Amino acid sequence: MREIVHVQVGRCGNQIGSKFWEVISDEHGIDPCGRYHGDSDLQLERINVYYNEAFGAKYVPRAVLVDLEPSTMDSIRGGPYGSLYRPDNVVCGASGAGNNWAKGHYTEGADLLETVLDVVRKEAEGCDCLQGFQLVHSLGGGTGSGMGTLLLANLTDEYPDRITATYSVVPSPTVSETVVEPYNATLSVNQLIENSIQSYCIDNEALYYICHRTLKLMAPTYGALNHLVSLTMSGVTTCLRFPGQLNADLRKLAVNMIPFPRLHFFMPGFAPLTSRGSQQYRALTVPELTQQMFDAKNMMAACDPHRGRYLTVATVFRGRMSMKEIDEQILNVQKKNKDFFVEWIPNNVQTAVCDIPPRGMKMSATFIGNTTAIQEIFKRISEQFAAMFSRKAFLHWYTGEGMEEGDFAEADNNVSDLLSEYQQYQDATIDQEFEDEEEVEEQNDDSDEQ
């Protein structure tokens, strides 16, 4: 079987990660004690991707839970699904990272690293054919960002031929937890560019917009935000967990979605998103799902896809629906919005269908977009970073842990280069591509003649 080992790091990573396990356990008919109570063979057909079948038909998540302070772990252990996880796979420190990336990456996190890697190795050794890892973390704090990226770098070194996917919660100015978020996020994105194969960017600002505008929640809790993220993660992983043809493993998804290795930051979206009160007044149709799914208001990252162009898109429809109708609707969207899809990647929208809908829904659709508009998120972080770094504000907290100013400048430059690359491919046309190729050929011919 093609197994995936899941690693959740830091407070945010653990809260979202544990919600993800609740949602997919429910979808696969697994109760909080790990017993199967489902009603369909499809639930068990690929259960081994995320679960290990232990003694006495108990299904245990292939999950490693990491934090530098114990409070989140205590609440997970004390929660309804606390006994689902393997106790040995819960690793926590005592002191925390205090929202400091350097503590997570170089000092406190580094001290705990070998213990975590041992647990991950044990999980990986228990797999028949490991396809890769998924990391759930946030970029704004200290543990998820600093230790999360340290772990990612080590996994990339130790398992270079395996895919690493991250679900990364990006900080936003409207929902700020701490003043040093731009530093932590820039240092993290620098690492993700180099060490992640594919990253799903989830943005607190977008989640708040959805809760306010669409779901009509006046004071959204983190529970509501995490629920949105878990819906999206459940949708994104549908192809990996249930039998299907398209994007059925992490590598196939990467091959279809990533035309250039550094441009691997995806914008996820989900439909239907309707407020609880209005649900019973609407019968969902494939056209409506498709229209909602491509709508900026349904995106989990606060950037407008109409300000950029799609390099590639993958969509996952769930529920009983006609494949022909889905294909027609997707084609329709592409025709109507052809300016927002690069013309030099033909057939750049992939569609998968899974018969099993999420709990409580007849049908749903998940969107994964590789769009140049994602640069808006990085630009926002970069501007905030520059404002503080130009005054060297708060730097002493980082240099005190052994970092140097040069590390910050290097990270900022790498993010700036990424922005330029996105802009370059946003502006590229099919004619320009051919001209570039001809120029290269002419230069090669000239050098041959010499």
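Heads up, residue numbers simply count up from 1 along the chain you see.
Using N, Cα and C of the backbone, Cβ positions are placed for all residues, glycine too.
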GTP site partner of SER138, GLY142, THR143, GLY144, ASN204, ASN226 (as recorded in Swiss-Prot), chosen from GLU69, GLU114, GLU288: GLU69
Rounded to the nearest Å - Cα separation of ASN226 (GTP binding site) and GLU69 (Mg(2+) binding site): 20
Whole-number Å value for how far GLU69 (Mg(2+) binding site) lies from GLY142 (GTP binding site) (Cα to Cα): 11
Assigned element (helix, strand, coil) containing GLU69 (Mg(2+) binding site), judged by DSSP: coil
Most crowded position, judged by CB atoms within 10 A, among GLY142, GLY144 as binding-site residues: GLY144
Integer Cα-Cα distance in angstrom, ASN204 (GTP binding site) to GLU69 (Mg(2+) binding site): 23
Listed binding-site residues (GLU69, SER138, THR143, ASN204), ranked by Cβ neighbours within 10 Å, top entry: THR143
Rounded inter-Cα distance in Å - THR143 (GTP binding site), GLU69 (Mg(2+) binding site): 9
